[in-house]
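Have a look at the structure below before the remarks.
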Amino acid sequence: MVVAAGLEARRPDAQAADQAPKSPRDRLPSLLSRLPAFRATVETATRRERIIAYGVSLAIVLVAIAARFLVDPYLPPGFPYLTFFPAVVLTGFFFGIYPALMNSAISGLAAWYWFILPVESFALTSQSVTALGFYFLVIGIDLGLLQLLLVAYAAQVRAREELTRHLQLQQLVSAEVDHRLKNLLATTSGLVALSQRHATTPQQLGNQLRQRIQAMGHSVSVLRGSSHGGRADIRDVIRAAIEPMGVTEGERLSFDGPRLDINGTSIVPLSLIMHELVTNALKYGALSAEGGSIHISWRHVEAQAPLGNEAGSATIELVWQEQGGPLVTVPTTQGFGTDLILRMASSFGGQSDMKYEPTGLVVRFGMDARSVLADAE
């Protein structure tokens, strides 16, 4: 019985980073994100949320009308919009521009009919035109500034999310570099010992070591190439990550998929994922047994959307499937390697799924084509 994960426990420093308290600077965006107006700038409101927003907004303007009637006997002439300005601004701040526009129209009509001479009439006089013009000018400025605030908030949220993703990816890559460097040194030491046992002359030993170390360097070349904003066929990236481990295309390794050029940003995560999977397969999975094999397939799935909905995003589906290895059992803990695979997969803008089938590990990745393909940049 073999556990296919075979991966280390998650590091304490990563757990501490996830549990770090928010700074005071982060509290204001967190509070604003609870307001419907600000939340709607970064995510689509549900039908129920929209109904509630318009319902409460309508209640606000009705309260403003009632309040204006209550204070009317105590006000001198010239204050028809006293309760309507705050009602419109508060509606916009809490529920967004569209409910605020609704309230501004209702408020303008109410003030025109009941509080601008001649009252109880929509007559256009010089006084009413001046008052209405002043009202819509002030409301337009207020709502325009509010819209700029909402747009700036949405841009800040997106920038924070992007920065957080980059920082998390940077931390993860740094941890993986440390992890791989130790493995590289251990592997090099093993190669030297193995070559010494099988080499009969110093020249043969040198040739064997040179060839094997060059093969290991292919993966490093792929990682370094991505920093120049290059592109590469997905098959070449996968092969360059796997072949240095001594696994070449043939009976034990097969590919199936069209040519897809991925961008430089995606080469690093995909290379690291393939490296972790093949290492796991060699230690505990299909490649640790005679007759075991790995099949890697990918395909481009065009965007499809149900009738009446906006078009979805095209995806790249990649499947890693192991067969013929030892009997697999589901691991009880999630190690560093599994965490690495899942986190790297999330950088593709899609989803991943790991299934420990009795016949072998099956990993499926759904990658956003716009985030992965070079031609989509």
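Every residue gets a Cβ built from N, Cα and C, even glycine.
All TrEMBL annotations are machine predictions without curation.
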Problem - From 1-27, 28-54, 163-189, 298-324, the residue range that TrEMBL assigns the feature region 'Disordered' - result: 1-27
Practice task
For the transmembrane segment (83-101), could you work out the same-chain residues 6 or more beyond its ends whose Cβ comes under 8 Å from its Cβ atoms?
Solution key: 35-37, 40, 53-54, 56-57, 60-61, 63-65, 67-68, 71, 107-108, 110-111, 135, 138-139, 142-143, 146-147, 150
Handout entry: Beyond the flanks of the transmembrane segment (132-155) by 6 or more, those residues with Cβ under 8 Å of it
Key = 29, 32, 37-38, 41-42, 80-81, 84-85, 88-89, 92-93, 96-97, 100-101, 104, 108, 111-112, 116
Exercise for the section: Across the whole of the domain 'Signal transduction histidine kinase HWE region' (176-259), what does the mean pLDDT come to? Round it, please. Expected result: 71
